[in-house]
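Asks: Take this structure, written in structure tokens, and hold onto it; I'll ask about it next.
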Amino acid sequence: MKLNSGLVQDTNWYQSHTFKIGLIVAITLQLSVLVVEYLGSVWPIWTGTPIILKTQPYDPRSLFRGNFVRLSYEISQVESDNASEYKLGSVVYVSVKEELNHWRFQSISKLKPVTGLFIRGRVRANYGNSLSIEYGIEAFFMPKEKALLAQETLREGALMRIFVSGNGKARAQEFVCQGDAC
Amino acid sequence: MRLIQLLKKELAHEAREWVDESIITHEQGQAILAKYGESLDNDANKTSFGYYLLMALGSLFIGLALILIISHNWDEIPSLVKTGVLILLTATTNLIGLRLYLTNRYQAANIWVFFGAISYGASIMLIAQIYHLGEHYPDGIYWWALGVLPLVLLTRSRLLSLLMLALATIWLCVEVGEAFFPSSYPVFLLSALFLALYCRSTPTIFVFSLFALLVWLNLALAWLMGSGIHYEPFGDLLPFSLALGLVFNGLAWALMRTSNPTWREYGLVLHLWLLRVSVVTLLILSFEGIWHEYSSESDMSLVLSIAALITGGVISWSLSARNSRYASMPAVLFSLCFSICFIAQAYFSSGDMIAAVTINFLLLVLGISLIRRGIEQDETQYFYTGVVALLATAFVRYFDLIGDYLGGALLFLIAASIMMLAARYWRLRGQTELGGRTDEA
């Protein structure tokens, strides 16, 4: 390869088969990323089990991602006697069981449970016997006005419909409530 | 390597006028400009570059508008339709770019592929919004940068390369902000460096990539010190960074020696930036309080950091020895002085003062050497940088005395003596050389 090629060199390169095939592959890669992202998003909704989790919306933000309310669930903070054994960033499986009108924390495990309904999450912090876990359902995107309204009207707590697929992947679907923000 | 390399566009402009006024012939003009990688004919691209730049900025603005429009119509458009439109837009813009490449309309093709890259990123972010993806959001920026990377290598477009570097750097910042380590950041930097060195002349990308690599290496060391699960910045990051700075200095001189005009330009730009950074760094380290706050973590890390400084100095010296004494001597001097500072700070009770005084004298030597180099080589840039370094040293020392009033006064007197002795030596040497030349004549 010549050093610091100018337009003449570029012209030869642009006309080569390597460039044409490479460009088609690169475009296909971009589109594949988008398709995989889409399928990964809708797969739990198509195949998963709907459950209701108690949550609290707070602090709408709009940096990089648009306007959304941040959701903190009951299962976002769980107690475990051996919390220090869970490394930050490690994958955990949280089993949930239905109680009255929503689902609650039952147990936590490093291994995927064989039976029962469980959600896959990652450890973000541990303080003493308490673990902070993220499940990928912590953001709910809404227009700014609705996000602020949700934060104000649902401050005392809200219910969120979540779809959980067989491998524990969860996806937030909608607020379950009667307020103006829903 | 002269600073005129950085003014080659202005030189080309002047040369065109000299040819028009028949001061020099067309062939002579071409021969002069060829030395700097320029040509009498390059000016024709000026107008099209302006068009190219405005079109690229226009594409960026359309991309931003796209995000806002779709964000605004959140409730009105069904999710599937929004997703379909986004994917279709990304496919269409890229395919138009591909078609333009195939019909040899390269500038327009670059613009469309750039717009395609913006659409692709907007699509990633908006699909995440549509389906409320709360997963680790820096991943979205990462996949955006990664999707642009093959296009950078294929199209060799500076525009796409800048976009990729900007995205990768934003990803680095947010990833670190979320307490994760951006392990694959160098992939983006090395791709940009490949483009700068072998495909296109882009000094900005070259210098940015090297400094970004320095930042990433610091983060990597802090991550390793935190057992690879969290950041634990430690004192010895500083000597490792200084050692890498010395290696970069050697690299700059080695590049300035090559026959390739673009690489020579890269070397010069890197050298000038290192010079500015080193003056600022030395000024910061010239305070006694900085060394008082600095602490080395352990004997082993201190030994390793001193070894890194000496190794950095040796590499820098071996890379620059063939240029001149202006190139190789600073490598040895900096390596030695920094090693003295860190050893003194670790093992002597008055180590803070020893380190601060050493750095102050290093600043003096640097200032004197730059003034002399500026005059000898007729380069005002070096001359004024030297003057600024000496004046800044005097200014900060006047307000921040080392060793109280008498200590400060002593420091000023010693500094004045050094400068006067240097001036005297310089003058005597000049007279000797002049005498020698007269005798020869």
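The backbone N, Cα and C atoms fix where each Cβ goes, glycine too.
This is the feature table in TrEMBL:
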type: DOMAIN; residues: B:17-160; note: domain 'DUF2157'
type: TRANSMEM; residues: B:49-71; note: transmembrane segment
type: TRANSMEM; residues: B:83-102; note: transmembrane segment
type: TRANSMEM; residues: B:137-154; note: transmembrane segment
type: TRANSMEM; residues: B:159-177; note: transmembrane segment
type: TRANSMEM; residues: B:183-199; note: transmembrane segment
type: TRANSMEM; residues: B:206-225; note: transmembrane segment
type: TRANSMEM; residues: B:237-256; note: transmembrane segment
type: TRANSMEM; residues: B:268-290; note: transmembrane segment
type: TRANSMEM; residues: B:326-347; note: transmembrane segment
type: TRANSMEM; residues: B:353-370; note: transmembrane segment
type: TRANSMEM; residues: B:382-399; note: transmembrane segment
type: TRANSMEM; residues: B:405-426; note: transmembrane segment
Asks: Determine which residues of the chain contact the transmembrane segment (B:237-256) at the Cβ level, with the cut-off under 8 Å and only residues 6 or more beyond its ends counted.
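Replies: Same-chain residues near the transmembrane segment (B:237-256) but 6 or more away: 1, 210, 214, 217-218, 221-222, 263-264, 266-268, 270-271, 274, 277-278, 281, 294, 305-306, 308-309, 311-313, 315-320, 323, 327-328, 330-331, 334-335, 338, 342.
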Asks: For the transmembrane segment (B:49-71), give me same-chain residues lying six or more residues beyond its boundaries with a C-beta closer than 8 angstroms to one of its C-beta atoms, as numbers and ranges.
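Replies: Contacts of the transmembrane segment (B:49-71) (Cβ under 8 Å, skipping residues fewer than 6 from its ends): 77, 82, 86, 89, 107, 110-111, 114-115, 118-119, 121-122, 125-126, 129, 159.
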Asks: Any contact between the transmembrane segment (B:183-199) and the transmembrane segment (B:137-154)? By contact I mean 3+ C-beta pairs closer than 8 Å, pairs at least 6 apart along the chain.
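Replies: Checked: the transmembrane segment (B:183-199) vs the transmembrane segment (B:137-154), in contact.
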Asks: Per DSSP, what is the residue tally for the domain 'DUF2157' (B:17-160) in helix, strand and coil?
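Replies: Reading the DSSP string over the domain 'DUF2157' (B:17-160) gives 114 helix, 0 strand, 30 coil.
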Asks: May I ask for the residues of the chain that lie six or more residues beyond the transmembrane segment (B:137-154) and have a Cβ under 8 Å from a Cβ within it?
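Replies: Long-range Cβ neighbours of the transmembrane segment (B:137-154): 113, 117, 120-121, 124-125, 128, 160-161, 163-164, 167-168, 170-171, 174-175, 178, 180, 184, 187-188, 191-192, 194-195.
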